[in-house]
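Asker: Structure below; questions to follow.
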Amino acid sequence: MKQRPFLAALTLLLTACGQLDTQPAGLPDRDVALGQQLSTEVSEPWRGRWEVSRVPEWLEVTGADGAKSGEGAVRLTVTARRHAATPVAADQPQLRGEIEVNWTGENEQRGTARWTVTADQYRLTGRVTERPSVTGQDLRPGQPPAPAPQREVRGLIVTYRSAASRDAAVSPALSAQAALPAEARQARATLDALGVPASARQALSERSVVLRVSGAAAAQAQSVLSADPAVLSVTPNVVLHALATPAASSPASPVVPTDQYAPFQWAYPLMGYGAVWRDMEAGGYAKPVTVAVADSGVRYDHPDLAGRLWTPQEGALDVLTGTDNGDGDGPDSDPTDPSFAGRRSESHGTHVTGIVVARWGQNAPGCAGCSPTGVVGASYRAPVKVLPIRVLDAQGRTDIADVVAAVRYAAGLPVTLAGKTYTAPHPAQVLNLSLGGEGIAPAEAQPMCDAIAQARELGVLTFAAAGNSGTDQPYYPAACPAAVAVSSVTLTAAGTPTHAAYSNHYAQVQLSAPGGSSVAAPTYYSGGTFGGQPFPDDIVSTGWDYTKNQPNYVVMAGTSQATPQVAAVAALLLSKGVTSGPQDTLARLLATSTDLGPAGRDEFYGSGMVNAAAALGAPAVSDALGVLLDDGQGHVYRPALNALGGFTAYLGEGNYRVRAGRDQDANGLYGETHEPHSQPAQASLSPQQPQADVGELNIVP
């Protein structure tokens, strides 16, 4: 009997100990709400092992000392990178993702805990309007509307009391019949007495006649016929007018090339070429222009370049003085990018050349499996030709002396190579140098800079690639004072241009143009597919397959590809007569470029991305109204406008530049220099300022 309390106490003690020591069945699932914070601390008691196994791209998860695994209590810092998950439409108020944590208990049980993380987006609002906002003291009423057209009458309409009278009035044969009623015979006699010829009498209905009389004859006829007992009524045949005002002209449709690989050439629509090509079809691009491409040479046998190149007999030149440059000889009039045993590299010069002048439409019959149409070049119908100058050897190398010779030759200056003097019969107005070198001192580059300056004085505008090392180091000859250094842009998820990571950035950069993402690290925002696989945001143009010794089409990326985009626009400015020389051509390119990044000129974009439609004054081919939000870090958003122009964008933290306007050249960019646009607005969003309103963005022409 005395043992029962002891046993009861022991039972209670064991029960209590079991409650204290019991391990949870597993690491639990849970919700983690960041709200509007950037990060939060998360902890969960645990005595086993754990490891973070999956994290959404827009979240960062770190433990103590940056570790993502451990033993014992789970303590993590969860940080949101909202921009990584914000859609282009900026229409998602809250982001949601799931972290997975694998766990192992003390008893070696295993499982996975799922932690659902939510983060509220910040809110940016505004309204796009096109209401005028004007002050002044001299506003007056508009001019009165134009007077209505004067009343005009074309004869008389006579309605008789009987069909017989009408028949007699218009048919002489009937009126002669004695069986006709007297009033019918009288109707005929009255018209005869008035001198109305039979040809001026036209039956209108069963009892009506139109008399084609005018002036005094009409007035007399109306008076006499009104008194005729056979006539029911006489009324003027009054002229009516269309009740419509002239309709506003609709934008023309952009020209869309149909060549096989043209859908992959996203750079052209981005620069507004749909409008330029429509403009070109109306004529006006009449002046012949020569673009010298000093590069690795060209493949004359590429069918997509047929007829677009100056030939060896017309001044094309190989300036390479060495005999080990790939073609086995020195300088001559054949700048063909040579084929030799074992060559695998692409034809850089052929690629650059195609960007400017590749043919449109059907090519001459080529090889089996070769595209019959290929790609298109910027120049379309304009009389632009490329002067090939071979200055890079088969390994893509050259030296300063050879570049100097190429520049001088392009400008029409005589050059002496291996004892022979050459002078270009067709000097260039535009020179493309998709080449350069890093680590060249200004003093070392001076001979190139002097040649480019002399070429400028002779009427040649030189464009040079800014470099592909992604640094702030100047490349020469692009950094020469008389050269125009061109950097590269690629696409964002919104389809807008942004600085390409590989492109050099320095003070001498003056313009930027599409050069592609990177063959090594491509993006796929242009939306094309090839063979069922996404097509990269790079530049496709003419090439050469040296293994098969036949034409092909090649994807490349770099400032080498951006530079001919600008050279092509310069050539078209000269061809249309918008400009006439290097100075005004460059000024036009700078003034009409699309400002990107921070407002104004900067070392990444120069004055901006070249805009062909704006530079050439091409007609509108679209008229969409919209707004773009740019955080300056390569993230661009396009919130939708409601019926009254209002917008709400759900975004991550950052400083946003807000630009509204119309897109008239169908390139998806609203309010460029040549388009109706608002003044840009600025807004900042953060946990401390989760909402911002930019007010009204008033569009002005």
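Placed from the backbone N, Cα and C atoms, the Cβ positions cover glycine too.
According to TrEMBL, the protein has these features:
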REGION    130-150  region 'Disordered'
DOMAIN    288-608  domain 'Peptidase S8/S53'
ACT_SITE  Asp295  active site, charge relay system
REGION    319-348  region 'Disordered'
COMPBIAS  326-335  compositional bias 'Acidic residues'
ACT_SITE  His348  active site, charge relay system
ACT_SITE  Ser560  active site, charge relay system
REGION    666-701  region 'Disordered'
COMPBIAS  678-692  compositional bias 'Low complexity'
Asker: Which one, from the active-site residues Asp295, His348, Ser560, has the smallest tally of other C-beta atoms lying within 10 Å of its C-beta?
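Answerer: Comparing Cβ neighbour counts within 10 Å for the active-site residues Asp295, His348, Ser560 gives His348.
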Asker: For His348 (active site, charge relay system), just give me the three-state DSSP call.
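Answerer: Assignment for His348 (active site, charge relay system) reads helix.
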Asker: Quick one: Cα separation, Ser560 (active site, charge relay system) versus His348 (active site, charge relay system), in Å?
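Answerer: It is 9 Å, counting Cα to Cα.
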Asker: Write down the Cα-Cα distance for Asp295 (active site, charge relay system) and His348 (active site, charge relay system), rounded and given in Å.
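Answerer: Approximately 7 Å lies between the Cα of His348 (active site, charge relay system) and that of Asp295 (active site, charge relay system).
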